[in-house]
């Protein structure tokens with residue numbers, strides 16, 4: 001196989017040019033370099049990104065290129081980067097090339113799949129829209145997720161993005177008996193570490209595969225890690241027929257790493273310095289996240305919005321693909337209401353009577369109207385006080401405050417911190433509770449009884465206990 005060997009002719013940071021004698025590796029083919037740095041052996045994987053003419057290729061490094069020199073030997077693999085798939089990946093942490101990085105016994109995979117795969121064809125895709133029950137009241141009621149849909153999770157630091165992600169992983173594991181895949185794209189190493197140990201404590205680790213391409217890694221690793229995670233999720237969908245949850249944190253970093261590579265590959269930048277292929281790259285990733293006749297991949301993607309500018313090309317390219325948005329609000333978190341989901345800002349494509357039914361739609365819009373009216377009355381209350389409101393408005397305010405409190409919920413994964421047992425609330429129970437509040441059935445119950453409980457039954461029990469004590 002001497003023909004498949006080449007040599008380095010140029011190193012430009014994470015981009016390496018390689019020349020072969022008589023062989024030309026295909027685009028996306030993996031190349032291996034084994035070399036020594038300061039007495040330690042290193043194995044580096046490159047991925048072919050462009051043909052430069054002759055038998056020269058330009059490749060992207062999946063790890064640091066320190067220690068590479070010209071004329072060093074490179075070996076073509078004859079195939080793409082392949083990563084382990086199957087149940088053995090659960091509970092483990094992987095890097096972009098599928099090596100386990102959790103200091104446990106190295107995984108000897110029985111099955112590997114290439115990370116670049118075709119999106120499901122039109123014939124394979126499932127067209128029926130089905131709601132995906134999360135067991136989280138505020139999401140199921142006001143911004144429901146669809147099976148195989150894509151959800152954007154917007155929120156600043158410390159408002160509870162990670163906790164919602166962990167709760168979703170927990171609920172999928174225990175209520176739907178499903179698996180989750182978490183791809184940390186350009187994540188802080190500390191956050192990835194915290195997530196691993198929190199999942200271990202929360203008891204959900206054996207139902208999730210973790211793939212990390214951290215902030216300190218070269219752009220190739222940060223970009224391709226999304227495909228590594230997605231490939232693992234696709235196996236569970238296509239071969240096991242499961243409904244999988246795929247988390248990407250953060251999708252903005254995927255676009256950002258593509259921009260870093262694009263300039264080095266010699267492409268002329270487009271708007272705001274992003275790569276000219278931004279929309280195509282985003283589409284390539286997002287189109288693989290789909291429902292097929294076998295199973296589905298529902299994805300929750302954390303979206304960082306640079307300088308809070310929603311028109312920035314990177315977040316704008318994500319919006320086109322989203323079916324629902326879950327917006328976390330710091331003001332709600334400050335009130336002590338968790339999950340801190342903004343009930344008026346969060347949206348869903350399936351929140352329509354045709355998709356979720358007349359009853360659910362009426363209750364959801366009714367709740368939003370009451371909350372919006374309460375928001376509009378805030379200024380009057382601040383200036384004149386509650387007593388100056390009409391009887392009708394007073395009732396609205398009372399109900400809105402109960403709704404706000406009832407949208408909070410104790411989480412299973414937060415039991416360690418809160419001390420109160422987690423609650424999974426079915427859609428039926430959620431609709432029954434909020435429908436009753438709108439009808440005025442619970443006007444006589446104090447608002448504190450609605451705080452941090454599951455179903456409306458618990459509200460009644462809590463109110464009874466409060467009365468007795």
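The backbone N, Cα and C atoms fix where each Cβ goes, glycine too.
Remember, it's a predicted structure, so these values are computed and weren't measured experimentally.
As annotated by Swiss-Prot, ATP binding site applies to 155, 156, 157, 158, 159, 160, 161, 162.
Mapped onto this structure are the features recorded in Swiss-Prot.
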residue : record           : Cβ contacts under 8 Å, 6 or more apart
155     : ATP binding site : 161, 302, 327, 328, 329, 340
156     : ATP binding site : 328, 330
157     : ATP binding site : none
158     : ATP binding site : 333
159     : ATP binding site : 328, 329, 330, 333, 340
160     : ATP binding site : 328, 333, 338, 339, 340
162     : ATP binding site : 191, 194, 195, 198
Check: same-chain CB within 8 A of ATP site center, minus 155, 156, 157, 158, 159, 160, 161, 162: 328, 333, 340
Taking DSSP as the reference, which of helix, strand or coil describes residue 155 (ATP binding site)? coil
Name the secondary structure element type, per DSSP in three states, that contains residue 162 (ATP binding site). helix
Once the chains shown are all counted, how many other Cβ atoms turn up within 10 Å of the Cβ of residue 161 (ATP binding site)? 22
